[in-house]
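As written in Swiss-Prot, here are the features:
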{"type": "BINDING", "residues": "ASP8, ASP9, SER39, ASN91", "note": "divalent metal cation binding site"}
Amino acid sequence: MNILITNDDGIASSGIKALEAVLQKEHDTFLIAPLRERSATSMALSIYDSMRVERINDNHYIVDGYPADCVNIGLHGDIFPRIDLVLSGINRGVNMGHDIHYSGTVGAARHGAVHSRLSLAVSSGNITKDYDYIREAEFVRHFIDEYSSLLKVGVVYNMNIPFDFVSSMENLRITRLGKRTYEDTYSKKNIIGGIADFYLGGSKLEHATEEGTDFTAFFSGKISLTPLSLDQTDISLVQELSDTLSKSLS
């Protein structure tokens, strides 16, 4: 299988190195990643600016752009053979609930899904400094080898692995997205007149406790796998909204 590996933590991150080290033993891996940290960039693309792309060797490229840029160049830049699977991660920190709308990790995988590739985003709850993520990568390899034939194109499979996990498929749970809440704080530095610099000082993160969600699985020590559709239409409201507007216009 031809696997494009990318992330939003940058080319030097331990998570992407672990995926490549483990997967290249049995698959053809092609690594293309941002030059620097690009967290919370979702599916941003560089459409007005050129991007500097550096070829390290035949299968390694660095892009001065966003994670979705990396996927786009990997798929359409005539540098790799046809890619079967877009694999994004392993992210240092989880992406669950509403996180998925901001995440560059998930955004990169979603871009693969837009272009009809199998797409998997992987995040870890282990944010220990200098951790190597090899155990997580081995689990991902096992999952791909066992189940990739059952996955569908046009779907993003979002996997979150707890800090202390049992590396067994019996520990995997298929989940839905939970509800994340954010309480953001900013610091401000006044420059001159009405000009000021704002810095996101941090976010207090909470989540709802509900059965069947990624949060519930994760915090009970299970590995969550959530299938994410590209179609974000709220089907339940389509007819209701149509009927409501029709009545108001009649």
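Residue positions begin at 1 at the first shown residue.
Placement of Cβ uses the backbone N, Cα and C atoms for every residue, glycine included.
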Notebook entry, point to check: In sequence order, which same-chain residues at least six apart have a C-beta under 8 angstroms from ASN91 (divalent metal cation binding site)?
Noted result: ASN7, ASP8, ASP9, GLY15, SER103, THR105, ALA121, VAL122, SER123, SER124
Item checked: Residues close to divalent metal cation site centre defined by ASP8, ASP9, SER39, ASN91, Cβ within 8 Å -> ASN7, GLY10, SER13, GLU37, ARG38, PRO67, ARG92, GLY93, SER103, GLY104, THR105
Notebook entry, point to check: Of all the binding-site residues given, ASP8, ASP9, which residue's CB has the most CB neighbours within 10 A?
Noted result: ASP8
